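Participant: Questions regarding the structure given below will be posed in turn.
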Amino acid sequence: MELLKKRILEEGVVVSDQVLKLDGLLNHQVDPELTMEMGREFARLFAGQGVTRVVTVESSGIAVAFATAYELKVPLVFARRKKTLLADPDALCERVPSFTKGIVTDIMISRQYISPDDKILFIDDIIANGDAARGLIKIINRSGAELVGLGVVVEKCFEAGARTIREQGVRLESLVKIKSLADGRIEFEE
Ligand code: 5GP
């Protein structure tokens, strides 16, 4: 998506060789027109696959996952970050380390909103080491639903997440691939 690359170059802030701040587009502020465009692109990439639900993790994935679900005319389910220690027998949970926060969080989806009949399209904002994505993929697998694929807005190719998830046999499509953030420069992979 050329428009997305342009906006990333204009508004992205390289924090370090590993981290790109995208608060203006993804992680704090959302541009509705650009986000709907992303949703259309994911809907186009995964058209004809019989997707029944779009799934994401709160909170930064929600806007683009909503746009995708709107285009595909299916519900959006977001995994919640669990804040209670009370066991919920109806919930599928996984513990995932957070790349940016340096903490571990538990994510959960109620069995009410994911079933073995579902064909799931998983949408996320950024993939780095892939821990968050692997956690949600485990939840989807344990639910018995079929994972049609994973769509991410930004793939950081210099970190292992996307590669290892593709090696698991999951179809992973990204709208933009970043090859390097070295020397304060954003370099895209063509
Ligand atoms: P992972 O589990 O793949 O290592 O990291 C995934 C999550 O960490 C993403 O959903 C995103 O919220 C956050 N994250 C990872 N790398 C970056 C980054 O370079 N910039 C920002 N803004 N968030 C990131």
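Cβ from N, Cα, C; glycine included.
Note that the structure is predicted; figures quoted are calculated from it, not measured.
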Participant: According to TrEMBL, N27, K156 bind xanthine; which of L20, L147, L172 is also listed for that site?
Facilitator: L20
Participant: For the xanthine site given as L20, N27, K156, which other residues of the same chain have their Cβ within 8 Å of the site's Cβ centre?
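Facilitator: Counting only non-site residues, the set is G12, V19, K21, L22, L26, D125, I126, A128, V154, I178.
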Participant: Sort A132 (5-phospho-alpha-D-ribose 1-diphosphate binding site) into helix, strand or coil using the DSSP assignment.
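Facilitator: Once the DSSP labels are grouped into three classes, A132 (5-phospho-alpha-D-ribose 1-diphosphate binding site) ends up as helix.
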Participant: So what's the mean pLDDT when you look at the domain 'Phosphoribosyltransferase' (49-156)?
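Facilitator: A mean pLDDT of 93 is what the model gives the domain 'Phosphoribosyltransferase' (49-156).
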Participant: DSSP says what for the domain 'Phosphoribosyltransferase' (49-156): how many helix, strand, coil residues?
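Facilitator: Breakdown, helix to coil: 27 helix, 46 strand, 35 coil.
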Participant: Taking Cα atoms as reference points, which of the binding-site residues A128, N129, G130, A132 is nearest to K156 (xanthine binding site)?
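Facilitator: When the Cα distances are compared, A128 comes out closest.
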Participant: Give the residue from the binding-site residues G130, D131 that has the most other Cβ atoms within 10 Å of its Cβ, counting over every protein chain displayed.
Facilitator: G130
